[in-house]
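Visitor: So Swiss-Prot has the following annotated:
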SIGNAL    1-22  signal peptide
DISULFID  Cys31-Cys59  disulfide bond
DISULFID  Cys38-Cys53  disulfide bond
DISULFID  Cys43-Cys60  disulfide bond
Amino acid sequence: MRLHLLLLILLLFSILLSPVRGGLGPAEGHCLNLFGVCRTDVCNIVEDQIGACRRRMKCCRAWWILMPIPTPLIMSDYQEPLKPNLK
């Protein structure tokens, strides 16, 4: 009986402390909600880029979808660095 209890406790801790990270990132979830697909670097010819999923992944969606879905932009605090004016 004690062996079963010990195995059950070890199984519970191994499930709770697993190093696997589940779920999607917020940008990937946003892309899937807009019926998009995360692709590396470039979208197909018949797809429009509607956002970004990760660092080098873009959110692509086919432009001929019958039901129009608004594509809200995700605003971020990042701003491009100012370029010096050369004379």
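Using the three backbone atoms N, Cα and C, a Cβ is placed for every residue, glycine included.
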Visitor: If you draw a 10 Å sphere on the Cβ of Cys59 (disulfide bond), how many other Cβ atoms land inside?
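Guide: Excluding its own Cβ, Cys59 (disulfide bond) sees 25 Cβ atoms within 10 Å.
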Visitor: Just to verify a number: CA distance, Cys59 (disulfide bond) to Cys38 (disulfide bond), in angstrom, no decimals.
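Guide: Rounded to a whole number, the Cα-Cα distance is 5 Å.
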Visitor: Just counting, how many other CB atoms are there within 10 A of the CB of Cys53 (disulfide bond)?
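Guide: That number is 23.
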Visitor: Highest CB neighbour count within 10 A among the disulfide-bonded residues Cys31, Cys60?
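Guide: The most densely surrounded of these disulfide-bonded residues is Cys31.
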